[in-house]
Each structure stands twice: as structure tokens, then as C-alpha cells.
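Per Swiss-Prot, the features are as follows:
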- 1-21: signal peptide (SIGNAL)
- 22-144: topological domain 'Extracellular' (TOPO_DOM)
- 27-115: domain 'Ig-like C2-type' (DOMAIN)
- 34: N-linked glycosylation site (CARBOHYD)
- 49-99: disulfide bond (DISULFID)
- 90: N-linked glycosylation site (CARBOHYD)
- 145-165: transmembrane segment (TRANSMEM)
- 166-263: topological domain 'Cytoplasmic' (TOPO_DOM)
- 226-231: motif 'ITIM motif 1' (MOTIF)
- 228: phosphotyrosine (MOD_RES)
- 255-260: motif 'ITIM motif 2' (MOTIF)
- 257: phosphotyrosine (MOD_RES)
């Protein structure tokens, strides 16, 4: 009865040694992300576990984080890699990741660790260099359009300024024309008024002897001696009225005779 536990222990030790021997014989596995190692918060990332040969006999693949199981899934036959999609990521996703797969009850060695970091800012990835296109013609065309638009704008501005100045000159010219038309009429009216006013003024400014001679009436039968003197109407008008235009003085130039009665 005491031999059975001993035999059972020997069998377990042999089985464990066989498993360790098989584990070391499995092919290596690699791990890599399909994007940058710097992951923006809120985005998705895919971790790929790749094998060196087709794992038609493998049945399980596991993704570990910091030595603990993070995700695992069954493998598909005749594939050389499996993918684990993680996201939307946050700060808890930051860590060291590795892959391991099984064949039956045997597990392979872990892959090299992959460090993922989650950042808050959006990571701008530089695009792959592609064929460059010549855009010099586009720059030349833009400069040409800008020049044409600038010239048209300056022409419109000049036309508006010219119309404004022309309109202003017309406004200022109308009152001047009216004044020039009114000045000859005013001069004619002044001359007419001066001629109408001069007889009265001359009569008022006569000397007392002249006024006396006009009121003196000769007696019938008396001898009368009549003497005629010439009076300058221009000097009398200028003394009474003041400044009279040259046109009125030329028209009013005449000789006036007065009769003086002597006894």
C-alpha cells in the first residue's frame, strides 16, 4: 500500500520535466504595436503578437501587462500573428506588455517587453514622404490675381475721388455765376437811381443866391439883363451823391444853363 504514493510522485516529476523540456523547444514570439508607442488619450491601439511559423497546433495566445494576464484569445489555424485591440485608452493603459502562447498544456517563453505610454496631447505623426508636386505655377497665378485686383481697386478709388471733386466744384461754381450775373444788374440799378436822385439833390444843394434868383419874378416894364452861365453837372452830382460809377458819370455828362436876372 505504501508504494502507490511513491509511484505517483515519480510520475508527476517525470511529467513536469517533460513539460519543461517541451516549453523550451517552442518557437520564439515577437510583439509590436501597429502605431507609435506614444498613444493619445481616448484613441485606440492594436498590439500584434507574431510567430516564427504557422501555429496550426497552437490553441491559445495571451497578452500580459507587467507579468499579469491582460487579454487572451484562441488562435486561428494557419496564421502567423494575432492582434489585440485596446481602447479607448487612458492613463491606466501605460505599462510593459508581452505575448505568450500555448500548445496543448505547454506555454512558450514570453516575448520581449513592449512599453506603451498614454499622453493627454494629440500626437502629430509625420506622414510618409510621397511624390512632391510642383506648386510654383499656383504661386505665380495667385500673385497675378492679387495684382489685377489691386489695380482695379485703385482705378475705382480714383474714379470716385474724381467724381467727388467734380461735384464739389459744380456746387461752388453756381453761387459765383449767380453773383456775376447779379453784379451788372446792380450796377445798372445804381446808375439809374443816381440819375433819378441827382435833380433833387442838386436843387437842394444850390447856393442861396441861386435859390433867390429862381424865386424872384421880374416886374413888367423893368429892364432885364440876362446872363447865362454854364454849370458842371458832374461836379455837382459827385458832391451830392459821393461815389458814382464811371458809367453813370459818362452818361450824365452834359451842360446845364441857368438864367440870372440882374436889375
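Placement of Cβ uses the backbone N, Cα and C atoms for every residue, glycine included.
Fair warning: this is a prediction, and the values are worked out from it, not measured in the lab.
Residue pair residue 99 (disulfide bond) / residue 34 (N-linked glycosylation site) shows a Cα separation of 15 Å.
Non-local contacts of residue 49 (disulfide bond) by the CB criterion (under 8 A, 6+ apart in sequence, same chain) comprise 29, 30, 31, 61, 63, 81, 82, 83, 84, 99, 101, 111. Looking at residue 90 (N-linked glycosylation site) and residue 34 (N-linked glycosylation site), their Cα atoms lie 18 Å from each other. Packing around residue 34 (N-linked glycosylation site) is summarised by its Cβ count: 11 other Cβ atoms lie within 10 angstroms of its Cβ, all protein chains included. Note on the domain 'Ig-like C2-type' (27-115): DSSP counts are 3 helix, 46 strand, 40 coil.
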